[in-house]
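Sequence annotations record features per position, and here TrEMBL assigns domain 'Major facilitator superfamily (MFS) profile' to 1-385. The feature transmembrane segment is assigned by TrEMBL to 33-55, 62-80, 86-103, 124-145, 157-175, 202-223, 238-258, 267-283, 289-309, 329-348, 360-380.
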Amino acid sequence: MFVAAISQLLWLNFASITTPIMTDLYNVPAEDIGLLSAIWPLIFIPLSIPAGIITDKKGFKYAVSLGALIMAVFSVARIFSGENFTLLLIFQSLAGVGQPFVYTSISKMVIEWFEDKERGLATGLAVIGQFLGLMSALIFTPMLVPDTNFSEFQTMLIVYSAISVLSLIIFTVVAKEKKVSSTESNMISFGVVKGVLKSTDFIILNVLFFIGIGFFTGILTWIESILEPRGISVTDSGVIAGLILIGGIFGSIVIPFLSDKLQRKKMFFLLDFGISAIMLYFITVSNDFIILSVSTFLLGFFLVSALPIGLDYSAQLVEPNMTGTIQSILWLIAQGGAVLLIPVMGSLENPVLYPNNPFLPSMILVIILDVVSLVLSLFLREGRAKNERR
């Protein structure tokens, strides 16, 4: 959970100070500063599957330790980039190499250490770590760098690198791999993986990840631009964005807990995407701060909770020794959704036709995609016994 939080912290630690602080410090346009964050999903895509295979072959402790080591080394290296933006971008990009090893290890660890009735909640807690890291980046970076001051900027890099190194040390010392037989831990049947890739359940799950994470990231990216033409201030937009994340944190506890207790997942996919569609409608048309706040909180609560349930669901499709490989494909598809839907939502903005709601076409697209996810969820089957998976 700690290492997952650090991966998010390092990924987005420049996003909240892009303009005017970063642009003034490095004398580069905002688009260049945006690369510091945008490069991580692009790096994630080609490394996702190799990271998953390594996780399955070497175990979650090895994979997470490797990811944490990479992030720690290059977070420290960022300190020495000085005022050279190219060096900063290179070191930030190399730090991003560590993230796939962390993400693809979540369910591997959960399966080893938790019983079936606890795995949804355990996965949810790991997802919470990611959101806490994201929130920390958006909250604490402006506090550490309130002005265009290079000394303050360097201090921020030092603080974050120290935390990154600390997370590496703590995980390496505390984490333990459960002993399993060598055949169970090292044998990956690519024939079985190929069969899973062709299964209806897994194909639907990939579409749900692509759509869900794609438009969730898109909304977070464009939230200020979506709401500002409706008279919502930048400060209030920030509060609303924060409520999406807070809702996601609570949802990642409550919904997986209920899913574990009832041993049901399909009904929660339907609930999550069904309520999300309603909340997206209010976010699309409302100008009222209270309505927007409640709607975004509930959107985060239900939509984000589908992530840990989806990860746990995918783990039921294969034996434990292939979980990392299968989930690396899900994460790859999810990152692809974010990379695609963020620019698509931006390109659909139309201030000429809709001056008071220029992102209306984008939000209509998001609602349609959510409804597609809801319909597809109807065709998912509940988890099957292991002897039925083969």
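Just so you know, glycine gets a Cβ as well, placed from its N, Cα and C.
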Same-chain residue ranges lying at least 6 outside the transmembrane segment (124-145) that approach it to Cβ under 8 Å: 1-9, 11-17, 21, 106, 109-110, 152-153, 155-156, 159, 241-242, 245-246, 248-249, 252-253, 255-257, 304-305, 307-308, 311
Contact set, same chain, for the transmembrane segment (329-348): CB under 8 Å, 6 or more residues outside the stretch: 41-42, 44-45, 48-49, 52, 100, 103-104, 197, 205-206, 209-215, 217-219, 221-222, 310-311, 314, 359, 361-362, 365-366
